[in-house]
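Q: Marked as signal peptide by TrEMBL: 1-22. Taken from TrEMBL, the feature domain 'Peptidoglycan recognition protein family' applies to 23-166. If you look up TrEMBL, you'll see 34-172 marked as domain 'N-acetylmuramoyl-L-alanine amidase'. TrEMBL lists Cys60-Cys66 with the feature disulfide bond.
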Amino acid sequence: MTSIKFLAALLALCAIAHTAQALNIEPRSSWGAVAARSPARISGAVDYVIIHHSDNPNGCSNSDQCKRMIKAIQTDHKGRRNFSDIGYNFIVAGDGKVYEGRGFGLQGSHAPNYNRNSIGIVFIGNFESNKPSSQMLQNAKDLIAQAKQGGYLKNTYTLLGHRQTKATACPGTALFNEIQTWPNWRSI
């Protein structure tokens, strides 16, 4: 009986390790990020994951298109909004990739009162009526698993939609309904 429990535990560990290794995060250099002004570090694991959508009506479906949209978001955030960088920690794109925004361990500018204790994940597109592709949803789940495994996110984290942190329609009704079915989503 002990060997069966050991085998089950080993298989569970392998599944976790595979999830974290399977997700390849595209670095900031891949989309032409401009250096951040005065990035603020976060020490230790955070308590929240906040889900957003970029509200781009058609989203993006190929890497060139997605990179242009990410670059435009950073330009808007640093220019018009006067953020120190793109506001999100990570970007889930329609080309099947996850892009590094600010990355792990850095404070975002995506959800007032939560920025110092959260990871902000944005899905490129408008998800008011339709939810993101299954690939995009899986990439976000894999990113959350990787954050937990890397010690950037507490195992007891709370998952929220942006609309739960301020008056906004973000992340869109279809995406908000979807994340309510995920582990660790909480009503606040």
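Note: Cβ is positioned from N, Cα and C throughout, glycine not excepted.
Please treat TrEMBL annotations as automatic predictions, because they have not gone through curation.
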Q: How does the model score the domain 'N-acetylmuramoyl-L-alanine amidase' (34-172) in terms of mean pLDDT?
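A: Overall, the domain 'N-acetylmuramoyl-L-alanine amidase' (34-172) comes to a mean pLDDT of 97.
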Q: How many helix, strand and coil residues does the domain 'Peptidoglycan recognition protein family' (23-166) contain under DSSP?
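A: Summed by class, the stretch gives 42 helix, 33 strand, 69 coil.
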Q: Could you tell me which of these disulfide-bonded residues, Cys60, Cys66, has the fewest other Cβ atoms within 10 Å of its Cβ?
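A: Among the disulfide-bonded residues Cys60, Cys66, the lowest count of other Cβ atoms within 10 Å belongs to Cys60.
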